Each structure stands twice: as structure tokens, then as C-alpha cells.
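A quick write-up on the structure given underneath.
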There are 6 protein chains.
Amino acid sequence: MAVFVNGKFCKDPNVATAEDFFYSGLQKPGNISNPLGSKVTTVNVDQIPGLNTLGISLARIDYAPYGLNPPHTHPRATEILVVVEGELYVGFVTSNQLENKLFTKYLKKGDVFVFPEGLIHFQLNVCKTNAVAFAGLSSQNPGVITIANSLFGSNPPINYNVLTKAFQTLMQSKN
Amino acid sequence: MAVFVNGKFCKDPNVATAEDFFYSGLQKPGNISNPLGSKVTTVNVDQIPGLNTLGISLARIDYAPYGLNPPHTHPRATEILVVVEGELYVGFVTSNQLENKLFTKYLKKGDVFVFPEGLIHFQLNVCKTNAVAFAGLSSQNPGVITIANSLFGSNPPINYNVLTKAFQTLMQSKN
Amino acid sequence: MAVFVNGKFCKDPNVATAEDFFYSGLQKPGNISNPLGSKVTTVNVDQIPGLNTLGISLARIDYAPYGLNPPHTHPRATEILVVVEGELYVGFVTSNQLENKLFTKYLKKGDVFVFPEGLIHFQLNVCKTNAVAFAGLSSQNPGVITIANSLFGSNPPINYNVLTKAFQTLMQSKN
Amino acid sequence: MAVFVNGKFCKDPNVATAEDFFYSGLQKPGNISNPLGSKVTTVNVDQIPGLNTLGISLARIDYAPYGLNPPHTHPRATEILVVVEGELYVGFVTSNQLENKLFTKYLKKGDVFVFPEGLIHFQLNVCKTNAVAFAGLSSQNPGVITIANSLFGSNPPINYNVLTKAFQTLMQSKN
Amino acid sequence: MAVFVNGKFCKDPNVATAEDFFYSGLQKPGNISNPLGSKVTTVNVDQIPGLNTLGISLARIDYAPYGLNPPHTHPRATEILVVVEGELYVGFVTSNQLENKLFTKYLKKGDVFVFPEGLIHFQLNVCKTNAVAFAGLSSQNPGVITIANSLFGSNPPINYNVLTKAFQTLMQSKN
Amino acid sequence: MAVFVNGKFCKDPNVATAEDFFYSGLQKPGNISNPLGSKVTTVNVDQIPGLNTLGISLARIDYAPYGLNPPHTHPRATEILVVVEGELYVGFVTSNQLENKLFTKYLKKGDVFVFPEGLIHFQLNVCKTNAVAFAGLSSQNPGVITIANSLFGSNPPINYNVLTKAFQTLMQSKN
């Protein structure tokens with residue numbers, strides 16, 4: 001029986017070993033043969049039990065040529081990303097209070113960008129070669145909400161009236 | 001000159017008065033003559049300076065018949081909503097880890113529902129009369145991200161390739 | 001056997017449903033036929049399990065004509081209150097450091113007032129009709145300490161010498 | 001001009017010295033020639049600027065024979081007290097949810113007792129000799145609310161109807 | 001079977017008693033007949049279960065003449081220390097960013113000093129008589145890392161190359 | 001004039017731009033021609049102002065053949081490290097409570113290891129080629145304390161008696 005206490009139990013610290021703080025597997029690229037052309041490999045408290053309560057996790061992100069890590073949010077974490085291979089076009093959108101400004105940047109190898117907690121952000125590979133990035137996240141369990149999936153791919157689907165009204169209204173207000 | 005320290009400065013507590021903890025104005029309905037048919041009136045640290053650092057705020061939400069408070073997130077707050085007039089159909093979508101499950105409920109007067117921090121949620125008035133709700137939010141500065149505006153109405157707009165790839169891919173994966 | 005971890009366990013998120021985020025019952029007035037003429041109906045983690053760890057709760061407060069929600073504190077929460085029916089005279093007292101200043105306000109329908117965490121506060125219905133308020137609290141388990149009950153109604157009672165010395169001394173210092 | 005940011009500014013760490021982390025003065029007894037027969041000498045961020053943001057402070061408490069540190073709360077801190085001279089009768093009252101239970105203990109030199117955050121507590125010297133205690137508090141700015149002063153000594157006084165109704169009702173319910 | 005949740009479980013609050021908030025034993029000096037000539041007696045969540053989640057603990061520290069509480073850190077707490085007997089020479093070293101400045105002070109009876117969270121600090125009895133101090137720590141489970149033991153006394157020992165390179169390099173850079 | 005508020009002020013969010021969330025420079029190796037044969041290049045709130053309050057930062061660590069990132073602690077952060085080139089021998093030592101156990105691991109490219117907040121840890125390049133790692137840290141201002149520098153290289157130096165007593169005592173207890 002699994003028990004859940006803010007997500008995870010702690011192991012008895014007297015029997016913990018180095019293995020509880022270790023993970024192997026980020027050397028190989030994630031499988032990017034998918035329509036989006038990107039793959040996020042996460043290393044959080046599910047992979048490393050010793051991360052529990054410590055407030056941090058890691059991810060490797062692989063991008064096929066022109067691959068996209070589509071607009072998404074992390075409900076419980078800020079992300080700091082560094083490009084280790086290729087070039088990326090990245091951005092996030094500020095909240096309504098700051099008028100939904102889009103902040104973007106072209107990143108080369110070694111460039112770093114921050115996506116503040118809860119804001120919608122994305123990364124696009126703008127080159128014809130693969131790209132790779134590493135990202136630190138400020139939670140051992142940051143969560144991911146891919147906007148397209150959450151809005152149009154939920155199970156069951158969101159009521160049709162909700163979606164059409166939300167998007168038609170926006171479109172009308174822009175015309 | 002305005003100065004910003006995690007959002008706001010504190011007033012010298014020796015000169016604070018009851019006015020710094022007071023706001024008047026939630027008795028009258030928000031203006032719902034807009035395409036969405038809804039209006040959120042917020043009472044946070046911008047309206048009540050004394051809320052600074054105290055971790056809570058309030059909102060009144062008015063809904064025209066069939067009006068919609070469209071899918072949105074609060075990047076820094078959980079919301080607890082109570083219906084005080086009319087009936088609402090409400091819902092939120094869980095994160096990718098929990099398979100983007102949609103949790104919904106029809107709420108009558110006096111019913112209460114919780115929208116956890118950072119998750120996409122909405123409320124729809126399902127009746128031909130007005131509806132009113134009050135909501136508590138777990139931050140003095142919760143923020144709001146209306147998904148349609150953030151994705152399709154940002155300034156400047158998000159790159160066309162990002163949006164089409166994100167949504168076309170989803171659609172293909174569902175067919 | 002109940003187990004307590006900072007108050008409550010979390011449910012396995014994979015089997016959570018909309019019911020875990022829902023409560024029905026705030027439409028009907030609390031029973032105010034009591035000597036104080038007031039009743040607080042709380043909606044916190046005891047009523048809504050899904051509130052666990054989310055840092056917010058709600059209350060409906062009903063007041064008979066001239067009814068009183070007597071001086072009390074919330075040891076773990078700030079409160080933000082909105083009047084939805086009737087009129088209230090409300091107040092809180094600052095700490096010793098700020099010289100025990102009393103901040104008060106007459107609130108009409110739609111007025112909002114904040115009671116900072118841990119400070120002694122009260123609400124009095126100053127009209128001959130019922131009053132109703134809703135309040136958001138910045139904890140899923142805010143706690144309530146009614147001062148009169150805690151000081152003079154504890155079980156067992158506080159030592160008589162403690163109480164008389166505490167209050168006689170104050171009275172003498174004011175004469 | 002003083003500026004307030006959650007209470008206090010931080011000094012430029014490059015010009016800080018050992019003096020910013022030091023306070024001298026707890027060697028001499030507080031002045032206990034007052035009606036209560038007790039004196040609390042606090043060492044918090046007002047006395048030691050370097051405590052800012054560090055979440056702890058200290059106090060020395062002196063008690064005349066039969067002196068009382070009267071019922072009070074700390075709105076932002078738990079207290080852990082150790083008796084260094086004399087004997088004390090101490091107690092706190094749990095919140096309404098736990099039925100206002102009074103927990104008390106006679107403490108001798110070297111005994112330690114905890115007063116959880118926000119609960120009403122007191123210490124009484126039960127001997128005919130002086131007593132001294134030290135207390136750690138879990139905030140650099142814990143605050144103190146002496147209940148008698150806050151309820152009956154506020155400035156201006158709390159409305160007479162509020163106080164009489166609050167206490168008469170309690171008395172009636174106990175008869 | 002012990003279960004660990006951020007260290008400790010909470011007791012059912014309905015069966016808690018005053019004993020859960022009490023500890024006896026700080027009246028007698030710790031055993032200082034050891035090579036360092038000092039002894040720390042801790043009162044944290046292991047001694048007082050009621051401290052769980054409350055963010056504070058206490059320690060009594062005894063020093064033989066010229067006894068030393070050797071350089072150590074608390075990974076989860078700031079410490080505030082008061083001398084109650086004798087005289088101490090105390091100090092801490094700032095982080096690399098602030099150029100490893102050593103802040104020291106001679107403390108007499110009644111003097112107070114603060115050791116910020118995570119910084120290396122020590123206390124030395126500079127007199128030929130015993131000394132005693134009490135210390136508050138800003139965690140119910142502050143942890144202690146004695147630098148000498150952690151670096152040179154770990155189990156198993158740290159690789160010889162790591163230690164010699166670390167210290168030889170420093171020595172060379174100073175010559 | 002610089003002003004310090006828990007380290008840093010926030011910029012007016014209305015005039016923030018993408019540049020405030022961007023840093024360029026991690027593509028080139030740090031200068032490892034030093035006696036330790038390692039170099040840490042940090043990207044925290046000093047390099048990226050937009051990180052303020054967001055609780056995360058990043059570092060690139062370069063190692064010459066047999067180079068060492070010597071034993072150190074981060075007083076305000078847990079670290080999660082991933083090897084991107086070469087091989088490392090890494091370790092941390094648990095606190096006194098857990099008997100100063102040394103946890104070590106040989107890491108290859110793509111391996112990940114966690115160093116919990118406040119614990120002494122190190123990385124050693126065990127190969128004759130360069131190595132590179134990236135590390136996420138759970139604070140925008142994690143701080144670094146190199147143990148050798150803090151103990152033996154502080155300014156002014158720690159009293160000779162303190163150091164010799166601390167280390168001689170340990171050595172004696174091991175013989």
C-alpha cells in the first residue's frame with residue numbers, strides 16, 4: 001500500500017545509502033521521434049528518493065531539428081535552462097497584470113534563460129541539427145501542464161462551450 | 001519613484017490605521033457587458049496595503065447568463081470559491097503526471113469548490129439568470145493568466161510555428 | 001488507527017476525484033439561537049480533504065441582530081472578511097509593540113476588512129436584522145482561540161491567582 | 001526616514017561587523033518592581049540587526065516572588081523556555097478545536113517547556129524567591145499580545161458591549 | 001516499524017498531554033571530561049515530541065576551563081547564544097562571497113551572539129573556570145556537523161587525495 | 001547607494017525585459033589553471049536579476065585532469081549535479097546525528113548526484129582528461145563555504161588554539 005504525505009514518505013535516514021541520491025541515464029538522448037520533435041527526461045523525487053523535501057530537480061531536454069517543447073507551465077517551480085548543444089528560440093508570457101507581454105530570446109550553446117514559476121513558456125529548435133538543454137527546477141516535484149493537452153486533450157474533454165467561448169471571444173476582441 | 005521588494009513595501013506600522021486594512025466596493029456587481037459575460041473584481045494588496053506579506057486575498061466574480069470565467073491559472077495561489085447566487089459548472093484539469101484528468105462539478109448556491117495552485121480552471125454560468133461567487137486566494141498577489149490571452153493574445157504574439165505545431169500535434173495524436 | 005502528519009495525510013492523487021475538492025452546505029444560515037447570537041461555519045481541511053497543504057480555507061459567519069463573534073485569534077492564519085448581508089462593527093487590536101491600538105470600522109454590505117494573523121479581533125452586528133459574512137483564511141487548518149473560553153473556560157480552569165493577578169494589575173495600572 | 005520591508009532592511013553585508021550580531025545586557029535582572037512582579041527583556045531584530053531574516057530571537061524573564069508573566073500570545077513564534085533559577089508553574093491552553101485544554105507543569109531549575117505558536121500561555125513564580133528563565137522564540141520579530149492589555153487596555157478601549165457580551169455569555173454557559 | 005516524514009510523525013493532538021511539551025535535565029552540567037573540554041546537551045524534537053513542526057529547539061553548552069566547542073555548522077538553523085556563566089571567545093566565518101571574514105567577540109555573562117545558518121562557528125572558554133551557555137536554534141531538528149569529524153573522521157574516511165589537495169593548495173596559495 | 005533587502009531589490013516589473021532573465025557565458029570552460037584544477041562559474045541573482053525571490057540558480061563546473069572541487073558547503077541550498085563530460089568521484093558526509101557517514105559514487109557522463117543542503121561535499125576528476133558538470137541549486141543566492149578557506153584561510157585567521165585543539169583532539173580520539 002502506498003502512503004502519500006505531501007507526495008512522498010522519507011526513508012529512515014539511518015538506512016539511506018549513496019544510491020538514494022544517485023540517478024544514471026541522462027547521457028543518452030531522449031526519444032525525439034514524435035510529432036513535436038522533443039523529449040523531456042526528468043530527474044525528480046520519483047527517480048531520486050533522496051530529493052524528498054530538498055526543493056530541487058533536474059531535466060534533460062532533447063530537440064529534433066525544428067522540434068518544439070510546446071507551451072506549458074510548472075505549477076510548483078521556476079526553471080533555469082542552459083543550452084548545451086544547438087540553438088533555441090525560447091520565451092515566456094507575463095501574467096494579465098503585466099499585460100501578457102511575451103519575453104523571448106535566441107539562445108546559443110552556453111546561454112541561460114529563466115522561466116518564472118507558473119508562467120507559460122516554450123522552447124523551439126530553430127536549426128536543422130539536434131539541440132540539447134539541461135534545466136534546474138525549484139521543486140523536487142515541479143509538475144508539468146502542457147497547455148494544449150490540458151485545454152484540448154483532458155480526460156474527459158472540457159465542455160465545448162467553455163472552449164469555444166473562451167477562444168472566440170479573444171479572437172473577436174482582436175478584430 | 002516606486003520601489004519594488006517582492007512586489008510591495010510595508011508601511012511604517014506606527015502610522016498604519018484601520019483604513020489600511022479596509023476596502024469598500026464589493027457590494028455592486030462587476031460590469032458583465034462583455035463578450036465573455038463575466039467580471040472578476042479583485043481585492044488584493046493593490047487595493048488593501050495592509051495585506052502585504054499576509055498571504056491571502058479575495059475576489060468577487062459576476063457572471064451574466066451563460067457567462068464564462070474562461071480557463072486560467074493563478075501562478076501563486078490556490079482558490080476556494082463559494083457560490084452566493086445562481087448556479088455554476090466549474091472544473092480544473094490535473095497536471096500531465098496525473099494524465100490531465102478533468103474534475104468538474106455543478107455548484108448551487110452555498111456550494112464550495114477548490115482550484116489547486118497553478119492548475120487550469122474555469123467557471124461557466126449554466127443558467128439564464130446572473131450568478132455571483134466569492135473566492136479566497138492563498139496569496140496577497142496571486143496573479144492571473146488567462147490561457148487564451150497568454151497563448152493567442154500576447155504582446156507581441158507567440159511565433160506562429162510554435163502555436164500551430166503545439167496544437168496540430170495534439171490534434172493528430174487524438175486522431 | 002488515525003495517523004497525524006502536520007495534521008493530515010494526503011490521499012493517493014491517482015484516486016482523487018472532484019468530490020475531494022467539493023463541499024456543500026454554506027447556503028443555509030448557521031444556527032444563531034445561542035447567547036452570543038452568532039455562528040461560524042468552517043470549510044477547511046476537515047470538510048474538504050483536497051485542501052491539504054494548499055494554505056487556504058473558508059468560513060460563513062451568521063449574526064443574529066446585535067449578535068457577536070466574540071474576541072478571538074487564529075494562531076495560524078490571516079482572515080479577510082466580506083459582508084454579504086447586514087452591517088457589522090469590526091475591529092482588531094495591535095500587539096504590545098504597537099501599543100495595543102484598536103483599529104475598528106463599520107462595514108456595510110460589500111465592505112472588506114483584514115484581521116492579521118494572530119491578532120485579537122471581533123465582529124458585532126449593530127443592526128436589528130441578521131447579518132452574514134464570508135471569510136477567507138490563509139491556512140487549511142487556521143485554528144480558533146476564543147479568548148473568553150481560553151482564559152476563563154479552559155479545562156481544567158487556569159489557576160485563580162494567575163487570572164486575578166493578570167486582570168487586577170491591569171485595572172490598577174489604569175487608575 | 002525609516003523604510004519598512006517585512007519589518008526591517010538588511011545592512012549591506014560587505015560592511016557588517018561582529019557588532020551586528022552581538023548584544024550585551026542580559027546579565028542584569030530585569031526590573032521586577034511592578035504590580036505583576038515580572039519583566040521580559042527581549043533580544044530580537046530591534047536589538048541585534050544581524051538577526052534579520054534568520055528566524056530566531058531570545059528573551060530573559062525575571063520573576064519576583066509570586067510574580068506572574070501574565071497570559072499572552074506570540075502571533076509569529078513558538079517559545080521554548082528553560083528555568084535557570086527558582087521554580088515556575090507554567091501552562092498553555094489549546095485551541096477551541098481541541099476543547100481549550102489547559103496543559104500545565106511545575107518547572108524546576110533546568111526544566112524545559114514549549115509554548116506552541118499563537119496559544120495563550122503564562123508563567124507564575126510559585127516560590128518566595130526570585131526566578132529567572134531564558135526563552136528562545138522562532139522568529140526575529142515574534143510579537144507579544146498580553147491578553148488583559150489587548151482586551152481591556154487597548155487604545156481606544158474595545159466597545160463595552162463587545163466585552164460584556166463575550167464574557168457574560170461564557171459565564172452563563174458555565175452555570 | 002519507524003516511519004519518517006520530514007523526520008518525525010505528529011502525535012494525535014487529541015491524546016497529547018503536557019508531558020509532550022516538557023523535558024527535564026538541563027540543570028546538571030554536561031560531562032566535560034573529554035579532550036575538547038566541552039559538552040552540548042540538546043533539547044530538540046527527539047527529546048520533546050511536541051516540538052515537531054514548530055521550528056525551534058534549545059541547547060545547554062558546558063565548557064571546562066579552556067574547553068572548546070570546536071568549529072561546526074548547523075545545516076538547518078541559526079543559533080542565538082547567551083552566556084550564563086564564565087566568559088567565552090566566539091566567532092564565525094562568512095562565506096566565500098564575503099571573503100571568509102572572521103567575526104569574533106569576547107562574551108561575558110549575559111552577552112548574546114548570533115551564528116547565522118550554515119556558517120562555521122566555534123566557542124572557546126578563555127578562563128580557568130567553567131563556563132555555561134544556553135542557545136536557541138531555529139529548527140526542531142537543526143543538525144550538527146563538526147568540521148574536523150566530518151572532514152577527517154568520516155566513516156569511511158574521505159579519500160586521501162581529496163584532503164591533501166584541498167589543504168595543500170590552500171597552504172601554497174597563502175605562501 | 002546600494003540597498004539590501006534579503007540580498008536584493010526587485011526591479012519594477014513593468015519595465016523588466018527578456019534581458020533580465022538571460023545570461024550568456026556558460027559555453028566557454030572556466031579557467032582551470034590553478035592549483036586545485038577546477039573552476040565553478042555561477043549563474044545566480046548576481047548574474048540574472050530576474051532570479052530574485054525565485055529560489056533557484058545554476059553553475060558550470062570545470063575540472064582539469066585530477067582536478068578537485070574541494071570540500072565545501074552551500075548554507076542555503078541543495079545541489080543536483082549532472083556530469084556532461086568526463087568522470088567524477090563525488091561524495092558528501094552526513095551530519096553527526098547520522099555518524100558522519102561518507103556517501104560516495106563514481107559518476108560517468110549523464111549520471112546525476114544530489115548534495116543535500118548544508119552538508120560537506122566534493123567532486124574529484126579521476127581521469128586524465130577534462131571533466132564538466134552542470135549543477136542546479138535550490139536558491140537564487142546559495143552561498144559557498146570552502147571548508148579549507150573558511151577554517152585555515154579566514155581573514156583574520158581563526159585563533160591557533162581553536163584549530164589545533166579541534167584537530168588534535170580528533171586525531172587522538174582516532175588513535
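From the backbone N, Cα and C atoms, a Cβ is placed for every residue, glycine too.
Listed features, source TrEMBL:
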type    : residues                    : note
BINDING : A:N69, A:H74, A:E79         : oxalate binding site
BINDING : A:H72, A:H74, A:E79, A:H121 : Mn(2+) binding site
DOMAIN  : A:24-160                    : domain 'Cupin type-1'
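Shown on the structure are the features that TrEMBL records.
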residue	record	Cβ contacts under 8 Å, 6 or more apart
A:N69	oxalate binding site	A:L36, A:S38, A:V40, A:I61, A:Y63, A:F122, A:Q123, A:L124
A:H72	Mn(2+) binding site	A:I120, A:H121, A:F122, A:V144, A:I145, A:T146, A:I147
A:H74	oxalate binding site	A:F115, A:E117, A:G118, A:L137, A:S139, A:P142, A:G143, A:V144, A:I145
A:E79	oxalate binding site	A:V114, A:F115, A:H121, A:A135, A:G136, A:L137, A:S138, A:P142
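For the Mn(2+) site, the Cβ centre of A:H72, A:H74, A:E79, A:H121 serves as reference, and the other residues of the chain with Cβ at most 8 Å from it are A:T73, A:A77, A:F92, A:F115, A:L119, A:I120, A:V144. Mean predicted confidence for the domain 'Cupin type-1' (A:24-160): the pLDDT average there is 96. Its Cβ taken as reference, A:H121 (Mn(2+) binding site) is surrounded by 23 other Cβ atoms within 10 Å in the chains shown. Taking the centroid of the Cβ atoms of A:N69, A:H74, A:E79 as the oxalate site, the other same-chain residues with Cβ within 8 Å of it are A:V40, A:A59, A:H72, A:T73, A:A77, A:L81, A:F115, A:H121, A:A135, A:L137, A:P142, A:V144. Broken down with DSSP, the domain 'Cupin type-1' (A:24-160) shows 13 helix, 60 strand, 64 coil.
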